[in-house]
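Notes for the one structure printed next.
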Amino acid sequence: MAPNKIVILYGSETGNTEDFAKILSYKLQRLHYPHTLSTIGDFNPTDIIHVRYLFILCATTGQGELPRNCHEHSFLDKKNKTLWSFLKRKNLPKEFLSHINVAFFGLGDSSYPKFNYAIRKLHTRMVEQLGASEVFDRLEADEQAMAGSNKGTGSGVESVYFEYEKRVLEYIQNKFPKRKIDGQMVERVGIDDSIYLQPKSYLCLDKDSKIDSNIDMATIPLKFTNDSAIKYGKVQKNKMITAPDHFQDVREFVFTNVNDLKEDHYEAGDTASIFPCNSDKAVQQFLDTQDHWLPIADKPLRFTNGIPDALKSGGVIEPLTLRNILKYHCDITCIPRTSLFMKIWMFATDLSRMERGESQLEQQRDKLKEFATDKDMQELYDYCNRPRRSILEVIEDFLSLRLPWEYCLDYLPLIKPRYYSISSAPNDPNVQLTVAIVKYKTMLRKIRTGICTNYIAHLPEGELIRYNIHNNHLIREQYKQSPMILVSPGVGIAPLLSIIKEEPQQCNNLQLFFGCRFKDKDYIYGETLENWSTEGRIELHPVFSRDRENSPDTKYVQDVLWKLGQFVTNLLVKEKALFVLCGASGKMPIQVRLTVIEMLKKWGGFPNDEAATAYLKDMERDDRYLQETW
C-alpha cells in the first residue's frame, strides 16, 4: 500500500489538534498501515489525486478561519500553492474529489461566534461541492467545554477525539484486515505496545565532525540553518509599562529588522511570531534527571537520515549538540500531552533509582502506561493540567525513566513560535509588541512562566531574536474609512494601537473602549491615549474595574458600551460602523456580545433576541464584527 493512499492532514494553532493527528498516525503505524502525516499547508496539492482515505483534523482560529499551517507553508513559501488555496479554485469540477473517502474532526472554542467554523468550511468544500464521500458524520469538540464536551472536567475534548479515532481505526481495519508479507496475505497484527517505533531519522554521534574534540562547544558561535524565511531583529526597547508593584508585568517590546533584504511589510491586525528558547537552568535540570545523557551533552551530533522537516521551521541550531537541541528545539517546560506518555512509558526501566525496588518500578511503569492509554483522561488531567505540571517535572517525578537521547526529537514536543499582535503603525521599521509576561503560582505552590514571555522578559537591548511577520488581513479595505468601535480590556489593546496609528488616518471616528484594573497601575499607554483623545484622534472611554474613584458607575467595557448604548447602536445600525473586540477569551467576549444584542433590541429597532442576533450575525458574516481573542 502506498503511503499517500491513506493521508492524515491537520490544521493546528496551539498544538492540541496536531497532537491528536500524531496520535492517530502513531496508531496506524503500529497497525502497519503506510500513510502520510502532514499539515494541510505543507501537503502537495498534486498528490491529492492519489489519496483514497483522508482523515482531516482541524482547529478554528480568529474569525472562523483555518489555522496558519493550513494556508501557509512551514517556511512561508509563497511561490507554491497550498492544498486549501488549490481546492478553492472555482474551475474545479464538482466530482473532483469523488475518489476520496474522508472523515472530519474539528476542535473549536464556543466562546467564539464562529464555533468550529474551519472544519465546516473544509467539509462544505470537499464533500458538498467537490464530491468527496464522508465515511461518518463530522465530529466536533469544544475547548471551552460549553458545546459538545463534558462540562469542564478536562475530558471533553479528548473523549470526542477518541471516538473519532475509534471510528477511523474500525473503518480502516474493516477495509484492510490483512497485509502482504513476502508476497503472502496475512492477518494484520499490531506491533506490541512495549516496542518503541524508531523514527525515520534520529540523532547519533558525529564521528566525522570537523570540530576539534578538545574545544569548548560553548565558545562556538551559534547559528540557525535550513529556514530561509526566518528573520532576525535587534531589540531596541524592552520596558515594563505597568506599575512596579502591579501583579502583571506588561512590556513594550520593540525590535528592528537587521536584514535589509527582507523589509517588514504589515498592516493593522498582523502578527509577529517570536521563536523562544529554554533557560540554561531548565536544560541542566533535564540533563541531571537523565544523567546518562551528560557524557555526550556537548558532543557534536548528526541525523541518521537527514534533518526532519518539522525541525526546520525557525532554523536548525548549529553546532548540533544535545544541550543546544534541548535549549532551542525541545519544549521541556510545557504541559505534556497524551502522545508523550505513549512514546516514553516503555522506558521506565531504571531499577537503580527506585528506593522500594521492583514494586516501585512496576508502579511507575503502570501509571505512565495508564496516562498513555486511558480513554477517560481524568487522572492525566488531574496530574498534568490541573497543577500545570511541566514535562521536566514529570521526568523528575518518574525517576524510573531512562530515556534514549537518540530519539528525543521524536518524543519531546518541539518549541513552536508564539504569536503577538503588532502595536506599531503599519510598516513601521520599529516593530512594537505589547507583551503580558506570564508568571503565576500553581496549586503546587510553584512558580510557572511562559516559555516565550519569560524569554522576552530577559532580553537586553541589542540582543538578536528570530521572528517572522504574518499577514492576517483583519480589516477589509472598504471598512477602513467607516466609523470604528474598538473594544479592548488589558493587552487586547495591542492590535488596536496599530489601527489608530495608521497614517494617514483614514477614519475620523474612532471610539476606543479600554478597560483595566487601576488607573495608576495598569492603564498601559494611558498618557498616549489621553493625548490622542485631546488631539481628537480618538474618542476615549476608559474604565477601571478595581478603581471606584476613577470609575464610579462602570466596571467593565460592556458597562461603558451600555452606558453609551444609544450612541454606539446608532453607529452600528445607521452608520455601519466596524466593531473590533480584542482581549482574553472566555467570559469577556461572551458578555460583550450579549450586551451588543441587548443594545440592538433597546436602541436599534430590533424587536426581540432573534432579530438582534440575526443582525449581529450579518455583521460577523460581512466581517464588520471582528473578535480577536486569545
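Backbone N, Cα and C define each Cβ position, glycine as well.
Heads up, TrEMBL stuff is auto-annotated, nobody curated it.
For 59-62, 107-116, GLU143, the entry in TrEMBL reads FMN binding site.
TrEMBL lists ARG388, ARG418, TYR419, TYR420, SER421, GLY450, ILE451, CYS452, THR453, TRP630 with the feature FAD binding site. Summarising the environment of SER421 (FAD binding site), the number of other Cβ atoms within 10 Å of its Cβ, over all protein chains shown, is 25.
Among the features that TrEMBL reports, NADP(+) binding site is placed at SER545, ARG546, THR554, LYS555, TYR556, VAL557, GLN558. Shown in sequence order, GLY515, CYS516, ARG517, SER551, LYS555, TYR556 are the residues of the chain, 6+ apart in sequence, with a C-beta less than 8 angstroms from the C-beta of SER545 (NADP(+) binding site).
Here TrEMBL flags 6-169 as domain 'Flavodoxin-like'.
According to TrEMBL, the feature domain 'FAD-binding FR-type' maps to 228-498.
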(request) Count, for each of the binding-site residues THR61, THR453, GLN558, the other C-beta atoms lying within 10 angstroms of its own C-beta, and report the residue with the smallest count. (result) THR453
(message) Test of understanding: give the count of other CB atoms lying within 10 angstroms of the CB of LEU107 (FMN binding site).
(response) 28
(message) Cα-Cα, whole number of Å: GLU143 (FMN binding site) versus ARG388 (FAD binding site)?
(response) 16
(message) Name the residue among the binding-site residues ARG388, ARG546, LYS555 whose Cβ has the smallest number of other Cβ atoms within 10 Å.
(response) ARG546
(request) Across all the protein chains here, work out how many other Cβ atoms are within 10 Å of the Cβ of ILE451 (FAD binding site). (result) 21
(request) Could you round the CA separation between TYR419 (FAD binding site) and THR61 (FMN binding site) to a whole angstrom and send it over? (result) 12
(request) Give me the non-local Cβ neighbours of ALA59 (FMN binding site): same chain, 6+ apart in sequence, Cβ-Cβ under 8 Å, ordered along the sequence. (result) GLY11, SER12, GLU13, THR14, ASN16, THR17, PRO67, GLY106, LEU107, GLY108, ALA118
(message) In whole Å, how far does the CA atom of VAL557 (NADP(+) binding site) lie from that of SER421 (FAD binding site)?
(response) 20
